[in-house]
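The domain 'EF-hand 1' annotation in Swiss-Prot covers 35-70. Sequence annotations record features per position, and here Swiss-Prot assigns domain 'EF-hand 2' to 71-106. The feature domain 'EF-hand 3' is assigned by Swiss-Prot to 108-143, with sequence analysis given as support. Per Swiss-Prot, the feature domain 'EF-hand 4' maps to 152-187; the stated evidence is sequence analysis. According to Swiss-Prot, the feature N-myristoyl glycine maps to GLY2, an assignment based on experimental evidence. Among the features that Swiss-Prot reports, phosphoserine is placed at SER205. The site 'Involved in dimerization' feature in Swiss-Prot is assigned to SER144.
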Amino acid sequence: MGCSVSKKKKKNAMRPPGYEDPELLASVTPFTVEEVEALYELFKKLSSSIIDDGLIHKEEFQLALFRNRNRRNLFADRIFDVFDVKRNGVIEFGEFVRSLGVFHPSAPVHEKVKFAFKLYDLRQTGFIEREELKEMVVALLHESELVLSEDMIEVMVDKAFVQADRKNDGKIDIDEWKDFVSLNPSLIKNMTLPYLKDINRTFPSFVSSCEEEEMELQNVSS
């Protein structure tokens, strides 16, 4: 039953902008109600790390990923932008859970493929152009600290783009991307986070605190 009882007992508690009911989020993501509530505890920590307003700002997102809000990375920026569905410069709780759901081991592969396509579509045109592919490749290499010469990067990008752009029109559409990923599944390997399959084990302190809170409520009502 998790913390659902304790949450319902606090109907008057202030909720941040974009807060969505855990039961609703559980119905549209691979997470259970209890796991959504555990993610809310994580969300509260992230959203108050710099600005305590119940929203995750890009600097807070950078801090969570790199422990350094001043370190810029195109890949991290793109993840933030795709999480920010409303495109208002912040990540709300509902957006946080729904987007994380794509990284769940049980999430459908087509959702992971679609999410990855959005990451590479830097200019949000509905297509991935060669320069966008190169920018993302460079960002990923930088993040992995793998050093390649400019010539090697060009060869890598050219080979990938030719393979993906089957229509030879200078851009990769979503259908071409799906085919490309099916031939190169490693492209979405990082789209799965195993620990999301068992949030309760990932955040044991939260689970234990919830159980204690429920026991207290039962004692009060008995």
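Including glycine, each Cβ sits where the backbone N, Cα and C put it.
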Sequence-distant residues near the domain 'EF-hand 2' (71-106) by C-beta distance (under 8 Å, 6 or more away from its ends) are 16-20, 25, 28-31, 36, 39-40, 43, 54-58, 61-62, 65, 112, 115, 118-120, 122, 135-136, 138-140, 142-143, 191-194, 196-197
Beyond the flanks of the domain 'EF-hand 3' (108-143) by 6 or more, those residues with Cβ under 8 Å of it | 73-75, 78-79, 82, 99, 102, 153-154, 156-157, 160-161, 164, 170-174, 177-178, 181, 187-188, 191-192
Roughly where does the domain 'EF-hand 2' (71-106) sit in mean pLDDT, to the nearest integer?
-> 92
Counting every protein chain shown, other Cβ atoms within 10 Å of the Cβ of SER144 (site 'Involved in dimerization') number 8
Across the domain 'EF-hand 2' (71-106), DSSP yields 20 helix, 2 strand, 14 coil
Which residue counts does DSSP give the domain 'EF-hand 3' (108-143) for helix, strand and coil?
-> 26 helix, 2 strand, 8 coil
For the domain 'EF-hand 1' (35-70), give the DSSP counts of helix residues, strand residues and coil residues.
-> 22 helix, 2 strand, 12 coil
In the domain 'EF-hand 4' (152-187), how many residues does DSSP assign to helix, to strand and to coil?
-> 26 helix, 2 strand, 8 coil
